[in-house]
Amino acid sequence: MARDLQNHLLFEVATEVTNRVGGIYSVLKSKAPVTVAQYGDNYTLLGPLNKATYESEVEKLDWEDESIFPEELLPIQKTLMSMREKGVNFVYGNWLIEGAPRVILFELDSVRHFLNEWKADLWSLVGIPSPEHDHETNDAILLGYVVVWFLGEVSKLDSSHAIIGHFHEWLAGVALPLCRKKRIDVVTIFTTHATLLGRYLCAAGDVDFYNNLQYFDVDQEAGKRGIYHRYCIERAAAHTADVFTTVSQITALEAEHLLKRKPDGILPNGLNVVKFQAVHEFQNLHALKKDKINDFVRGHFHGCFDFDLDNTVYFFIAGRYEYKNKGADMFIESLARLNYRLKVSGSKKTVVAFLIMPAKTNSFTVEALKSQAIVKSLENTVNEVTASIGKRIFEHTMRYPHNGLESELPTNLDELLKSSEKVLLKKRVLALRRPYGELPPVVTHNMCDDANDPILNQIRHVRLFNDSSDRVKVIFHPEFLNANNPILGLDYDEFVRGCHLGVFPSYYEPWGYTPAECTVMGVPSITTNVSGFGAYMEDLIETDQAKDYGIYIVDRRFKSPDESVEQLADYMEEFVNKTRRQRINQRNRTERLSDLLDWKRMGLEYVKARQLGLRRAYPEQFKQLVGETISDANMNTLAGGKKFKIARPLSVPGSPKVRSNSTVYMTPGDLGTLQDANNADDYFNLSTNGAIDNDDDDNDTSAYYEDN
């Protein structure tokens, strides 16, 4: 019986399903609404059960209740019953996010007694070794086998639907070679969000990674770092998948050389873009959140607060504490050069640079807490005195011209300000003073290893100590932000909105959600041409015009380290010297780019990847279904095509709009898009069910900006 390609089932597999660890969690969570709108109950996520977090992430459902499953999905219920009878424990329910997709979380401890048997089977089938004490690899093997068990049962019981399994990262990759070896009738897609070797080699910081990709002895490099078995899993997954994809052009280049298979396409990461009805709304949000950051800055720099907040800009870098990979080293060095330039030029501008990277700490410093309390106490006292003065002015004006009052308004300061209030105000003001020679701290927490912390050591090296003469001030906040923070009570998104510029000079960043999030919120950012996001935007926007849209791209691939640092310092200085009006206009342009990052657009790339998988797995059936002639030569190749870039913006750029007959490829680089390369516009009729509108209308967006 032929499987139904149009009404197929989709299972997405990852270790970060309902389990926040890194960026894949954000990808799955933000993509879910679009995927659920497209697939409905035919979409299920599979992953390992994290007992510590699942109860707050998942609404459990009674999977034994037949009403939970539509009739055509009863094979899934029967498979779960069979696995439960054989001792496999799991949680079935709805993920508590927008779209509420169905999830199956397998308890790996319930199958751990199979570990040695499955390891032996993995060696005999695929030849992949697995050391005994690598717990992460052990869990990857358990997850791979239990997923293959599940998919194998479902494919046997359900002969009517085509089944697609989409696997993210090597931790979910064990299942791919097993599906191939065990001949399970499932279309497989593997997406690598970062290669193992790439992350290890770049973290070392002593190699020109991207310009030497073709020269690495991958087996030797993996062996030297003790990850050869993990590398084997990753490489086997890439080679046995029907469709192999990465998240960016730069990662595709990396995967081609390190994993020895050229990716079939690119699946860029998107975001759920919330559009405002009017431009001024997000500008007002910026002003509100900036005021909260101002409150923190007043407290942190009390006693040395000699700069004008209206003439101050806020820069920040945020992410995992990967000192070199995330470009923290380059950021600090560029800040030191910027500080020198501003001092030499006599600039009145001040830069406050935040580093938001979690490190091991004991607690907030007493000084950080005390500083905020001192300023808050002054603010409360001033508010109380102000209220009293207002009341006295009101009483005075009410009594005039009676009681011998000669003026409509009080003219005697003593009449307005009582002596007790003067004393209280003086005490509060004197409390602001710091001991002689004491400077505002550069870190807000007590570090567990202050002496060996790379960020603090570099700050000491470049002598950015928050001296009064410094035009660049530095604050290292070694903890992710949240609204319950006692010194900087903002969630991360609120903090980003309040800042002026995000700086992310990463050296190894397969995609880069942080600059993408900045773009969606209308905050200009600095990225690099070796980050996925930077390469993506560089491909869409004319290189010399990207900064007009608030996207500054530093060259870390073809310039020397010193030249890259100088370029970053140039970009930051250029931004500092902008007027307030110029910054507002730039934020408007930046926010308009957000449509290019919406999952409603990016989700199409996933549709195309599934299409290519179905074409390869069922070529003749697919040809009959869509009624087209596809040559064998075009079946497994992705053609290039003419690409257009966004031109220089006008002072008030128009809204993005799709042009008819456009051949713009949303996937950057040489690989092209899966859909365009296979002339597969018909697939929208087969798969999206109207969830993703592909019509040309005023609400659609593309790589074009038209003047309205």
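Using the three backbone atoms N, Cα and C, a Cβ is placed for every residue, glycine included.
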Per Swiss-Prot, member of H193, H396, H500 binding alpha-D-glucose 6-phosphate alongside H280, E281, Q283, H286, K290, R583, R587: H500
Candidate set S594, S631, S651, residue annotated phosphoserine in Swiss-Prot: S651
Where Swiss-Prot places region 'Disordered' among the ranges 291-312, 687-708: 687-708
Position of peak Cβ density within 10 Å, selected from the recorded positions S159, S363, T514, S560: T514
Integer Cα-Cα distance in angstrom, Q283 (alpha-D-glucose 6-phosphate binding site) to T514 (UDP binding site): 20
Spatial neighbour of K290 (alpha-D-glucose 6-phosphate binding site) that is closest, considering only the recorded positions R20, S159, H193, S560 and their CA atoms: R20
Candidate recorded positions W511, G512, S560, pick with smallest Cα gap to R583 (alpha-D-glucose 6-phosphate binding site): G512
Neighbour count (Cβ, 10 Å) for R583 (alpha-D-glucose 6-phosphate binding site): 17
Remaining residues near the recorded UDP-alpha-D-glucose site, that is with C-beta within 8 Å of the centroid of the site residues H193, R199, R320, E509, W511, G512: G23, A194, N325, S506, Y508, P510, S531, G532
Nearest of the recorded positions (S159, H193, R199, S363, W511) to R20 (UDP binding site) - Cα to Cα: H193
Cβ packing number for R320 (UDP binding site), 10 Å threshold: 12
DSSP three-state assignment (helix, strand or coil) for E509 (UDP-alpha-D-glucose binding site): strand
